[in-house]
Amino acid sequence: MANMPQDVGKEAIQTKGWIGAHKWLILRRISQLGILAAFVAGPWFGLWIVKGNLASSLTLDTLPLTDPHILLQAMISGVTPETTAIVGAIIVLVFYALVGGRVYCSWVCPVNMVTDAAAWLRRKLGIRGSSHASRSTRYWVLALTLILPLITGGIVWELVNPVSIMFRGIVFSMGLAWVLILAIFLFDLLVSRDGWCGHYCPVGAFYSLLSNRAVVRVAATNREACDDCMDCFNVCPEPQVIKPALKGAPKGIGPVIVANQCTNCGRCIDVCAVNVFQFGNRYSNQSSSGLHSAKAYSKHTV
Amino acid sequence: MAKSDKGKKSVSRRQFLTTTLKTACSVGIMGVGLGFYTQRANALPPLAIRPPGALPEEDFLGACIRCGLCARDCPFDILFLGQLGDDIPAGSPYFIARTGPCEMCEDIPCVAACPTNALDHSLTDIEKSRMGLAVVVDQENCIAFQGLRCEVCFNVCPIRGKAITLDMQHNVRSGKHALFIPVVHSDACTGCGLCEKACILEKAAIKVFPTDLAKGELGHHYRFGWKEKEKAGKALVTPDVKHQYNLPAGVRYDLQGKGLIIDSKIDESLPDSPFSTNPLDTLNRKPEDK
């Protein structure tokens, strides 16, 4: 029996309690806000834990972290970065290649809180209808962000990138950044479900490419228990990734969600009243051929 | 069965192509829009000065990843990042000389903090930095031009006596005083803006501008004769013929020097002169003498 989108998680709250049905969401918010707090502790309270912003930062004056997507754009426009920037980018690349690239989206990116809020309100208000842009649009936008520096010689995307503009707005100064944030909220609420993060954002697209070999993955380990309530599909920002893992048993696919667009947000784990999902690793799939066909399957459904 | 499968496949291929084409086109249009927006958004207002070591503006915008580490490491907190809605490219660092000039730290922490060389790490001597160029823009209001002693810009200049010198000129108004005119020298001025900050006027008469805005450029064909002469070690044109003047005896003319010279040793007792050297003799002459 399929549940209505506005009732996502109700059953899970009944069986697991509110905390149990929001465990990963709470952890993600702690992660996102904690990262923000580490950045603003310096300018607000003089407690310098991290300097800079998501583009490039220095933690405790020792650990450099650099956004590989932005650094790549700079290098395409003809820059030779300092060693610290390259080391920082490699650390970030390796980390996300292991834990899943789009962990950046769901555990770090501040825009995620905005689009999650829009998605929540969209479900509660029962707003259906959605524009029909392809979810692969983001890869075209990603290509655009890498071509424009070549043509213009400047890092064009950073002039409009909502991720860095919002983060910089909070950590440095807001200016009119809130207008952009509001625009994304309204777009996701009224125009397109999961519009920004799920269709257009080239940052997410870049990080998803790092996920192709990621170890940490969500798995529908207990998929026989699925009662088709549809809560996971309703709550998931990339619902197309779930189907092969959850419903692929007859074809020998799954149960690990291998699609690189999965953000490892864990909301499917939270909202499932019968505990179908859990975090696992990508090697617990049925067979290597299963993994292979799951890829084909998820590609087909995109 | 096989046939219908085939038909289905071609439809999905057509769909795939249409979607791809649609997406590619809309993203392409977005790219063109972004390109134009960039051109507009990248115009830096002249009062926003880039930190020391910043690459030329065009290269800078390709190199700066907008991380703000330079702003964080500036001990004087003068660096700001462009906000959305400002005329300054979003996230790029700048300072406003009048409110917060560069204090010219010897260790240049902002440059050291830059992860991408947008602030050039080969800059190790802050006096070699060229953030902009100070210009005495308002000679009508600068009180030095009124003959008043100010010299504040001259005195606060960190490269005192080289980047700004005082040029002593005659004060025509009073006729007996001097003007001490501040003159900026581009070979030494770093564009730090300390002079603009210190200018005592309500609005500074000396301002830092981006170098390419502040500097003129001589026509490339242009040659200064005296410099060419110095280089060649000799005159490059036929020397002038010595001028001849038809002047009374005892009077000479120095063309490029003193002008008309009357030798003091004019012989006063020349017999054939119709005039006496004493004008009274002429006035007292009797009619029969004519």
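Any Cβ shown, glycine's included, is placed from N, Cα and C.
Whatever TrEMBL says is automated annotation, not expert-curated.
Residues or ranges marked as domain '4Fe-4S ferredoxin-type' in TrEMBL: B:54-84 (among others). As a summary of secondary structure, the domain '4Fe-4S ferredoxin-type' (B:54-84) carries 12 helix, 4 strand, 15 coil according to DSSP.
Taken from TrEMBL, the feature domain '4Fe-4S ferredoxin-type' applies to B:133-169 (among others). Outside the domain '4Fe-4S ferredoxin-type' (B:133-169), and at least 6 residues removed from its termini, the chain residues within Cβ reach (under 8 Å) are 104, 127, 177-186, 188-201, 203, 205-211, 214-215.
Taking Cβ pairs closer than 8 Å, the domain '4Fe-4S ferredoxin-type' (B:180-211) reaches residues 44, 46-47, 49, 52, 57, 95, 97-104, 126-139, 141-145, 149-154, 156-159, 162-169 in its own chain, all 6 or more past its ends. Feature annotation from TrEMBL assigns domain '4Fe-4S ferredoxin-type' to B:180-211 (among others).
Taken from TrEMBL, the feature region 'Disordered' applies to B:268-290.
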